[in-house]
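For reference, the structure discussed in these notes is given below.
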């Protein structure tokens with residue numbers, strides 16, 4: 001089933017709630033225009049690669065996809081915030097969803113209270129989604145009855161043992177996949193510390209390139225920046241690695257439209273520097289500056 005949704009439409013991020021924290025945050029200088037645009041090119045190159053080289057396949061939703069297996073993009077977070085400029089994205093939804101994950105929440109009430117509807121199609125009549133991302137991130141059930149807070153653990157390990165190769169968070173729990181409204185698409189991520197910078201690599205088993213991937217890029221880039229701040233590090237790279245990366249058959253025209261658009265300057269994300277606890281961040285602690293995208297593009301969500 002496909003549900004028409006206007007991703008990217010909504011209040012601009014500059015329209016903040018009354019009483020928001022007003023702080024002039026420090027930020028870094030943004031480099032050349034060429035550098036600013038190369039991140040958008042990475043995403044456009046992915047779409048072109050799938051259009052040109054993908055295999056047409058059937059899928060669970062019955063929509064049909066053009067798909068490739070295995071691809072990688074890299075984003076240097078010192079060079080601007082990788083929020084697409086060739087179509088408008090609804091950053092409010094991205095931020096609130098990330099905060100919702102970090103709360104360990106699996107009911108859409110928080111999202112609905114904040115005018116975010118991206119999970120509506122998968123929730124049951126009570127708003128529940130089962131043991132999805134937030135539950136696995138913050139309360140992974142162990143065989144002995146304990147619940148493991150993977151996020152808190154990885155923050156502690158980054159601070160105490162930054163050279164560890166075990167700085168991993170997994171949302172893919174085989175024992176509970178069948179209880180989830182939607183099994184995790186962005187399934188596992190790993191952090192890496194070098195030269196005072198924190199980088200993150202995501203493995204995404206299934207990637208809806210036109211609708212989902214732009215959200216995933218921005219969400220994990222922001223998470224990396226937040227983690228870096230609370231761990232006393234600079235943000236390094238976000239590396240996005242894909243399994244099945246696909247364009248739905250009813251997104252082909254929209255992808256071609258987006259590919260016809262010119263790149264614009266990347267925005268800057270400012271984060272309240274006073275926040276040192278990952279779980280204390282609020283929506284008002286984020287400010288996007290200089291976002292001037294092309295208009296949003298309507299597309300149907302396959303459920």
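Cβ coordinates are placed from backbone N, Cα and C, and glycine is handled just like the others.
Mean model confidence of the domain 'Thymidylate synthase/dCMP hydroxymethylase' (41-303) amounts to 98 (pLDDT, 0 to 100 scale). Positions annotated as domain 'Thymidylate synthase/dCMP hydroxymethylase' by TrEMBL: 41-303.
The number of other CB atoms found within 10 A of the CB of residue 60 (dUMP binding site), across every protein chain shown, is 9. Under the heading dUMP binding site, TrEMBL lists 60, 165, 166, 205, 206, 207, 208, 216, 246, 247, 248.
Around the Cβ of residue 302 ((6R)-5,10-methylene-5,6,7,8-tetrahydrofolate binding site), 21 further Cβ atoms fall within 10 Å across all displayed protein chains. The annotation (6R)-5,10-methylene-5,6,7,8-tetrahydrofolate binding site is assigned in TrEMBL to 90, 208, 302.
In the three-state DSSP scheme, residue 185 (active site) is classed as coil. For residue 185 (active site), other Cβ atoms within 10 Å of its Cβ number 18. For 185, the entry in TrEMBL reads active site.
Cβ neighbour counts within 10 Å, taken over all protein chains shown, single out 246 as the most crowded of the binding-site residues 90, 166, 246. Comparing C-alpha positions, residue 60 (dUMP binding site) sits nearest to 302 among the recorded positions 90, 185, 302. Under the DSSP three-state reduction, residue 206 (dUMP binding site) is assigned to strand.
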